[in-house]
Amino acid sequence: MPVRASIEPLTWENAFFGVNSAIVRITSEAPLLTPDALAPWSRVQAKIAASNTGELDALQQLGFSLVEGEVDLALPVNNASDSGAVVAQETDIPALRQLASAAFAQSRFRAPWYAPDASSRFYAQWIENAVRGTFDHQCLILRAASGDIRGYVSLRELNATDARIGLLAGRGAGAELMQTALNWAYARGKTTLRVATQMGNTAALKRYIQSGANVESTAYWLYR
């Protein structure tokens with residue numbers, strides 16, 4: 001099947017990674033997607049519903065490769081027990097950057113599609129931005145008795161009813177971090193908490209489902 005799609009430059013990613021990349025937005029009103037239209041870009045991304053095998057086949061015929069599967073989940077917000085989390089401060093940024101850099105080294109921004117350190121740098125910047133209230137609105141942390149950070153979660157308000165988890169990590173602290181996220185959403189009057197993770201991250205999927213989440217959708221990321 002032919003693919004109709006617009007091509008949009010990824011301005012922020014291009015500046016951050018130093019690449020010339022774009023993303024295709026598939027829509028029936030757009031022109032046909034052709035190799036000539038894709039040629040000016042060194043990297044082109046596409047995100048499609050995992051159930052849409054027609055688009056998957058068509059994009060692969062245009063030279064796209066499957067990079068990652070994504071699962072989006074949602075759970076109802078309730079007032080969970082207090083986890084003892086506190087709001088991260090700017091003094092926590094160096095430690096958080098180091099933790100996020102190590103925890104998210106194998107995302108869709110990995111080699112060979114991007115530089116070997118690209119994924120680590122991207123998520124280190126993400127968590128710093130969350131502390132500063134840029135993109136994600138806040139970062140909450142759990143501290144060990146020593147004062148070291150043992151877990152963190154970033155969160156963003158989407159609209160009047162929904163909030164979304166950005167990054168969540170902390171060995172053995174998953175249940176507490178989910179309580180933290182639910183309390184944050186509850187305090188802001190939200191009814192739904194959303195979170196996405198890689199299809200292959202079974203530990204995260206189990207944690208979210210154990211916390212009451214249901215799968216809402218699945219998607220594939222493809223690159224050319």
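Every residue, even glycine, has its Cβ placed from backbone N, Cα and C.
Look at Swiss-Prot and you will find 94-224 tagged as domain 'N-acetyltransferase', backed by sequence analysis.
Swiss-Prot lists Leu168, Ala169, Gly170, Arg171, Gly172, Ala173, Gly174, Asn201, Arg207 with the feature acetyl-CoA binding site, giving sequence analysis as the kind of evidence. Secondary structure at Leu168 (acetyl-CoA binding site), taken from DSSP and collapsed to helix, strand or coil, is strand. Listed in sequence order, Tyr152, Val153, Ser154, Gly174, Leu177, Met178, Ala181, Val195, Ala204 are the same-chain residues six or more apart from Leu168 (acetyl-CoA binding site) with CB atoms under 8 A from its CB.
The annotation active site, proton donor is assigned in Swiss-Prot to Tyr208. The Cβ neighbour count for Tyr208 (active site, proton donor), using a 10 Å radius over every protein chain in view, is 25.
The average pLDDT computed over the domain 'N-acetyltransferase' (94-224) stands at 97. Sorting the binding-site residues Gly170, Gly172, Gly174 by the number of other Cβ atoms within 10 Å puts Gly174 first. Each residue of the domain 'N-acetyltransferase' (94-224) gets a DSSP state, and the totals for helix, strand and coil are 48 helix, 40 strand, 43 coil.
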